[in-house]
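A.B. asks: If you look up Swiss-Prot, you'll see 7-687 marked as domain 'Myosin motor'. Sequence annotations record features per position, and here Swiss-Prot assigns ATP binding site to Gly101, Glu102, Ser103, Gly104, Ala105, Gly106, Lys107, Thr108. What Swiss-Prot records for 564-586 is region 'Actin-binding', and it gives sequence analysis as the kind of evidence. The annotation domain 'TH1' is assigned in Swiss-Prot to 725-919 on the grounds of sequence analysis. Taken from Swiss-Prot, the feature domain 'SH3' applies to 958-1017, supported by sequence analysis. As annotated by Swiss-Prot, region 'Disordered' applies to 1017-1109. Residues annotated as compositional bias 'Low complexity' in Swiss-Prot: 1030-1043.
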Amino acid sequence: MAYKSQHGVDDMVMLSKIANDSILDNLKKRYGGDVIYTYIGNVLISVNPFKQIKNLYSERNLLEYRGKFRYELPPHAYAVADDMYRSMYAEGQSQCVIISGESGAGKTEAAKLIMQYIAAVSGKGADVSRVKDVILESNPLLEAFGNAKTLRNNNSSRFGKYMEVQFNGIGDPEGGRVTNYLLEKSRVVYQTKGERNFHIFYQLLSGANQQLKSELRLDTPDKFNYLSASGCYTVDGVDDSGEFQDVCKAMKVIGLTDSEQKEVFRLVAAILYLGNVGFKNNAKDEAAIDQQSKKALENFAFLMQTDVSSCEKALCFRTISTGTQGRSARVSTYACPQNSEGAYYSRDALAKALYSRLFDWIVGRVNSALGYKQNSQSLMIGILDIYGFEIFEKNGFEQMVINYVNERLQQIFIELTLKTEQEEYFNEGIQWEQIDYFNNKICCDLIESKKPAGILTILDDVCNFPKGDDQKFLDRLKESFSSHAHFQSAAQSSSSFTIKHYAGDVEYCAEGFVDKNKDLLFNDLVELAACTTSKLIPQLFPEINCEKDKRKPTTAGFKIKESIGALVKALSACTPHYIRCIKPNGNKRANDFDTSLVMHQVKYLGLLENVRIRRAGYAYRQTYDKFFYRYRVCCKETWPNWTGGFESGVETILKSMDLEPKQYSKGKTKIFIRAPETVFNLEELRERKVFTYANKLQRFFLRFTLMSYYYSIQKGAADSMKSNKERRRLSIERPYQGDYINYRENFELKDIVKKNGNEKIMFTHAVNKYDRRSRCQRRVLLLSDTAIYFIATEKNKDKEDRKKRPWIYVQKRRLLLAGITSVELSKLSDGFVVLKTMNEHDQIFECRRKTEFLGTLIKAYKTGTLRINYNNSIGVAIKASKQGGKGKERIILFEKGIKPGESVFKGTKVSTPSDGLPADTVPNLTPPESLPVVSIPIYKPAMNAKNAPQNSGGPASNVKPSAKALYDFDAESSMELSFKEGDILTVLDQSSGDWWDAELKGRRGKVPSNYLQLIKNAAPPRAGGPPVPTGNRAPTTTTTSGGSTRGGFNNGPSTAPSGRGAAPPSSRGGMAPRGGSVAPPSSRGGIAPRGGIAPRGGMAPRGGMAPRV
């Protein structure tokens, strides 16, 4: 059923009026009702609520979205995640989600929700859990080192991140990697008033224990220049101390040892002390360490694990080489002193280099923990969380690069959702009216173009000249773009320029562009890393151990263009999904909707054009062959055989759905469907059909496996008892079921078993257990592959809990199978069993299904061969006292009684029934047949085939077989048919296994097949049905498909009671026909015995009662 919203419309394609005002009003109405998600087709719009909304992200709500179609539940990030996850396997195509929006719109939180959902719905194996833990725990770690408080966002990502998660063939994550883009390392040395440095600095100072603070010589944030300049140390609602503990936990998850963690924190502290190092010029105008910062330099050297003099030299001097390097050339090297300005530049360059390389090292360790598989054919889900569009009072090189990246992402959105969609309609010959939209490619070219040179190319050219500076760069821009529509130069005296971005006009200050683009780090600073005894720092500077690269170093602008180009290539290889984030106000306040700010975002995000195209266009398109192969199962004309073409097959499928021609259009190579509901209906129908066919296969193989399993148990028990013990009449022919207490639905019993590990329950039954005074006590017996449980039902002593559960299960005894020395039974037809143990008292109990219990115990016993003794005088070591222990041995005597019925236990004597069958009575067991192998031809349609589907052959014979009733049968429901022994029934259908459709005197109904004997020379069953055995044995053995055997027993010439050849099969509470493993299929398509262990559409029962297939 489709979900209906009470707050506006869920999908803005359904708006009655298509205008920006209508979009704004709908978003405002939903925001006021705490409904922050809205669709435009398959694009999710997310408005940051700046507060926690109750139950929106609860575990229960997350699981609600699993396997649901988009229209069934309210819009949500979980719905996008589920669509990605399912589409990945349905289409065999990697997926990605592009999360965009300006800073503070909620992109990082949306990315975390996608990862949270994928982790929750995938598998739980050891290796899978490891990968999921790394995926989830990498978030707080990367946020600590890569996020910061800005004026617009308390948790602003100051780097770009693209996380790729690899999946194996069953949908579980098996690896992944994180690619990071352009960390804003300038934030390490400078922050605007009211902003903070990266979170990790404050977390370390606040959350480190006293020992770590002492080791790292930490102080309060206001004592460090790199933190105090902005005047902001805390964030409302953020616990830096608690988040530091999360960071430490995340470090352990990704595999960082305690010593490596300490090395990381040591380097973070070193950067803080580096910022406290000050300089002044001496008489020669040379930089020298300020006396007041000598202590800071000492602390920096201590934390860097090097000497003070090396640090001072690296900061105050710059090594210059002259001459041409070569074997015969003379090279002169000079240590030139810098002035204080140059020293400050070197200090900040070193701080930025140390931090950015530490961040890259952490990302590398995350990737090592994820274990990305190179050259793998695995499908992937990519999650892009990158810095949002930024406009500040003063915008520099970093803001231009960030906004350039957002321009490229907007271009991808335009290319894939607006431009490409309209071009596809034209190329496929679909009638379409062109819709205009703003294409920001002109702005992207302005920044990145090579020919003619764009802004970044010009900046690189200026950096190549020794005398290139910011003013030269600005002059080149004015010269090149004076007439460009998206570039505007300021007044002649100003050092700024303006770019007209898709999100608005941004004025950039050219000051610092050249230096930041060069991104230089002098060799003196690199060589300082070679002097340290730290194990971490040399890993951050691999150039220490490499030969000097004579090539010119790449610029920051070149690197970002290269990395964004690679990102676009990776995104283009995936099926994209979109989350467009909107910030409702600039004050980070809940319940505050700034109409003008939101309208600005609605316009520059192009939501109106997106609505128009989605409304006028088609929600779904697919090539004919892929559509046909996916949905052919939905139509009886195309399944299982179709010899027509793909296009005609697709049209046949759609006609079977009663679709009107206007609801879809046929292109040259693709089918286009207008309404998403049509596709949802197709998917639902396909799921039902596939489920039905899969269950038919599962039922067949499960039936065969169960028959093999129970045959081995029956044979084991029969071989043991043959000639050793009299048999009860109902025991000899009773089919086995395994579970007689509905264990698979009893979660309290399951909880008791779970306490001892992952045990597989193989047999359950209610038994009579006898204590040391021969008193009978009712118990539940559970036999697992490891132990035997005896569980009592007692009154609940907890007064509060008693209202809900007046009775509870209490484990009284657990016998390990390895501790059982032998099993003792009498030679008579009773149901008593004695379990003898090594060091504990013996256990005596009575079980109505002791034969099945014994056969299952033989199969489960792994410690050699189980000893089974038969004797009418059995010694039982009784319990010494209430505290336990092995007491005296008591002899129990078994005597045959004079009446049929149940056994009677009094004192030390057991009186058994008088009507037991002889000990040589054995069941008539036939081993299951081998699984049949059938070759089925595969029909592959040709694109232009004109021949019709082939005829499947003539109809089967209409002559119905007859069967003779061997026993009386009384119907218990209107669907069943009663009959008497000797009646002749017409068998209408044998396809349901143990329950056949039959007719008697004009009445029709279900009848148990093992109450009947097919009459010889009767018509055969339907084509492909099971063979009918012949013979005059009474009762007969019938073989069902899969090798199921059913029948009576062969007890020799003197065992048949007068008047009847054999007793009727157990029809109440047994395994077949009314409770067997081969029973009428349930409504879910599984094998559903009445009161048995029926799997719900699966291969094995949930309780673990059946063997694993």
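Heads up, residue numbers simply count up from 1 along the chain you see.
Every residue, even glycine, has its Cβ placed from backbone N, Cα and C.
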A.B. asks: In sequence order, which same-chain residues at least six apart have a C-beta under 8 angstroms from Thr108 (ATP binding site)?
C.D. replies: Glu143, Asn147, Asn155, Ser157, Asp385
A.B. asks: Looking at the domain 'SH3' (958-1017) alone, can you tell me the average pLDDT?
C.D. replies: 81
A.B. asks: Applying the rule Cβ within 8 Å of the centroid of the Cβ atoms of Gly101, Glu102, Ser103, Gly104, Ala105, Gly106, Lys107, Thr108, what extra residues of the same chain belong around the ATP site?
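C.D. replies: Leaving out the recorded residues gives Asn48, Asn153, Ser156, Gly388, Cys581, Lys583.
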A.B. asks: Can you tell me the three-state DSSP label for Lys107 (ATP binding site)?
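C.D. replies: DSSP assigns Lys107 (ATP binding site) to helix.
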A.B. asks: Under a criterion of Cβ-Cβ distance under 8 Å and sequence separation of at least 6, what residues of the same chain contact Lys107 (ATP binding site)?
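C.D. replies: Residues satisfying the criterion: Ile99, Ser100, Gly101, Ser157, Asp385, Ile386, Gly388, Ile579, Cys581.
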A.B. asks: With H, G and I counted as helix, E and B as strand and the rest as coil, say where DSSP puts Glu102 (ATP binding site).
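C.D. replies: In three-state terms, Glu102 (ATP binding site) counts as coil.
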A.B. asks: Determine the Cβ neighbour count for Ala105 (ATP binding site): the number of other Cβ atoms within 10 Å of its Cβ.
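C.D. replies: I get 25 for this one.
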A.B. asks: Do you know the DSSP helix, strand and coil residue counts for the domain 'SH3' (958-1017)?
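C.D. replies: Its residues fall into 3 helix, 28 strand, 29 coil.
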A.B. asks: Might you list, by sequence position, any residue in that chain lying six or more from Gly104 (ATP binding site) with a Cβ less than 8 Å away from its Cβ?
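C.D. replies: Result: Asn48, Thr150, Arg152, Asn153, Ser156, Gly388, Lys583, Gly586, Lys588.
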A.B. asks: How many of the residues that make up the region 'Actin-binding' (564-586) does DSSP mark as helix, as strand and as coil?
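C.D. replies: Split into helix, strand and coil, the region 'Actin-binding' (564-586) gives 9 helix, 8 strand, 6 coil.
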A.B. asks: Using a Cβ-Cβ cut-off under 8 angstroms and a sequence gap of six or more, which residues of the chain neighbour Gly106 (ATP binding site)?
C.D. replies: Ser46, Val47, Asn48, Cys581, Lys583
A.B. asks: Using a 10 Å radius around its CB, how many other CB atoms surround Gly101 (ATP binding site)?
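C.D. replies: Other Cβ atoms found within 10 Å: 25.
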